[in-house]
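Student: Can you read through this structure? Questions will come right after.
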Amino acid sequence: MAVSRSHALSIALLSFFVWTVVSSDPDPLQDFCIGDLNVVPGINGFPCRNASAVTVDDFIYSGIVNSSNTTNINRSGAIFGTVLRFPGLNTLGLSIARLDFLPEGIIPPHTHPRASEMVYVEEGTIYAAIVTADNRLFARVMNRGEVMVIPRGLIHWQMNVGRTNAKIIATLNSQLPGIQFIARSMFGSRPEVPDEVLEKTFFLGERSINQVRSNFD
């Protein structure tokens, strides 16, 4: 059955309200606290801007209206709406992201160290997976209208297995969830991870290591 845009919006809003209650970030102490991004954040986020200067536009984010850039080796792209781009999220323990995929595109294995995540397939057919700390793989193909929950800190990925472009809307229960890609962290870090560590970890020779590294230059 086709899923309307209003249905998609309802799911996204439900995610926001549920995770406001059980957010991983500290609870807010006021109705709202639009972040002042010109000041260094503290443990509970950014200092609040003067409430008298707040307008309705501070509660609206238009950054995910357009598609993200998919002209890269992964044939995918992401636009994140964290507090750094959407100051209205400050102290609310929430963020949002739009993921776009060309056919065969992938968001490679990664983790969010400070947040759990819900991904909603708005368009296309996605192979989504989670790997737990005891190395169990939970994976299957998701279709339009389906939602997957990804526990905080677990390795996960999404890949477009359909013949058309795909789109995911993700919500996370932190205003700054963080993201760490496994391959980029090991092969693209600066300074470089020593060859000996990569050889013993991934059973690769020097030539293969350099070839993988070249993708992250």
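Cβ atoms here come from the backbone N, Cα and C positions, even for glycine.
For reference, TrEMBL lists these features for the protein:
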SIGNAL    1-24  signal peptide
DISULFID  CYS33-CYS48  disulfide bond
DOMAIN    62-210  domain 'Cupin type-1'
BINDING   HIS112, GLU117  oxalate binding site
Student: Go ahead and report the DSSP secondary structure tallies for the domain 'Cupin type-1' (62-210): helix first, then strand, then coil.
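Tutor: Its residues fall into 22 helix, 57 strand, 70 coil.
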Student: Enumerate same-chain residues with a sequence separation of six or more from CYS33 (disulfide bond) and a Cβ-Cβ distance below 8 A; give 'none' if the list is empty.
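Tutor: Sequence-distant Cβ neighbours: GLY45, PHE46, CYS48, ASN90, THR91.
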Student: Give the number of CB atoms, excluding that of CYS48 (disulfide bond) itself, located within 10 Å of its CB.
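Tutor: The Cβ of CYS48 (disulfide bond) has 19 Cβ neighbours within 10 Å.
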Student: Can you name the residues of this chain that are 6 or more positions from GLU117 (oxalate binding site) yet have a C-beta less than 8 Å from its C-beta?
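Tutor: Expected: VAL149, ILE150, HIS156, ALA170, THR171, LEU172, ASN173, PRO177.
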Student: What average pLDDT is reported by the model for the domain 'Cupin type-1' (62-210)?
Tutor: 97
Student: Tell me the Cβ neighbour count for HIS112 (oxalate binding site), meaning other Cβ atoms within 10 Å of its Cβ, over all protein chains shown.
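Tutor: For HIS112 (oxalate binding site), the count of other Cβ atoms within 10 Å is 24.
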